[in-house]
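Single-structure report; data block below.
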Amino acid sequence: MKNLDHIAASVDWEKESLPEYQDLIFLLFFALFFPVLRFILDRFVFEALAKRMIFGKKTVVNINGREERKKINKFKESAWKFVYFLSTELLALSVTCNEPWFTDSRYFWAGPGDVVWPNLKMKLKLKLLYMYAGGFYFYSIFATLYWETRRYDFAAQIIHHVTTVSLIVLSYVYGFARIGSVVLALHDGSDVFMEIAKMSKYSGFDLIADIFFSLFALVFTSLRIICYPFWIIRSTCYELLYVLDIQKERTTGIILYFVFNALLICLLVLHLFWFKIILRMVKNQILSRGHITDDVREDSESDDDHKD
């Protein structure tokens, strides 16, 4: 562990360079790393944690029962996603919060000095964020298909992961990483609260679940429904035109403009779909006098749970 800390400390994370295609090999590395890490955590951490949190100190528990195993698996999924979303949110904030584009969207496309897109260099820590997140969502396509509990929004999840991977790869290659890093920071923050709420619900801590679901709904609405379209998409639709030389690179410029905005708007449509589900849950919470009911995204009865 000390050796890893020493290596990390010796790396110049502020070093800048242009993105290169061969950098994407690290995306594939993380795509292979995440399932291995999840398997280890599932077996040696999350399984025991789930049993302790759900069943307490009971020594005899029929975990072979369908409902008991189903609840354990759901807890483990949420624990894994909590670990990822918390880590990537902290990484995204550490990468972006001190950069000028974190507060001024004009710097998505220009600066420092006279440098403008597409000649924007990337710091090594920004490249790390991109490979880390890209690897996770690439792995998540297969995890959603073959590993995790299949829920009501299964198709939306697959579309989301494919769209996100496409955005990450294309924005990295074509120099849109500054705005991409802020998109990652906006997206993963609310999911931290959601996974805490779900783990609390599975564990029977209803008050904690109610509090964190309320926080999740508030953060989701603020970041994905308000900030995302009026900050991110506004910049890609309007401010990008100031630096995108369509006359010089007519074909490439038009393709970049419409492809990126189409993918970003696709994410917004998914946000609105999930926002509708959240509103339904808020309504149920109000009708049940402050307590959240079962997740309306829970698995359909016709689908089998994953087996560990």
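Including glycine, each Cβ sits where the backbone N, Cα and C put it.
Pulled from Swiss-Prot:
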- 21-41: transmembrane segment (TRANSMEM)
- 73-287: domain 'TLC' (DOMAIN)
- 82-102: transmembrane segment (TRANSMEM)
- 128-148: transmembrane segment (TRANSMEM)
- 165-185: transmembrane segment (TRANSMEM)
- 213-233: transmembrane segment (TRANSMEM)
- 254-274: transmembrane segment (TRANSMEM)
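Count of Cβ pairs under 8 Å against the transmembrane segment (21-41): among 82-102, 128-148, 165-185, 213-233, the largest is for 128-148.
Using a Cβ-Cβ cut-off under 8 Å and counting only residues 6 or more beyond its ends in the same chain, the transmembrane segment (82-102) has close neighbours at 34, 41, 108, 111, 123, 125-126, 128-129, 132-133, 136, 178-179, 181-182, 184-185, 188-189, 191-192, 195-196, 199.
Averaged over the domain 'TLC' (73-287), the predicted model has a pLDDT of 93.
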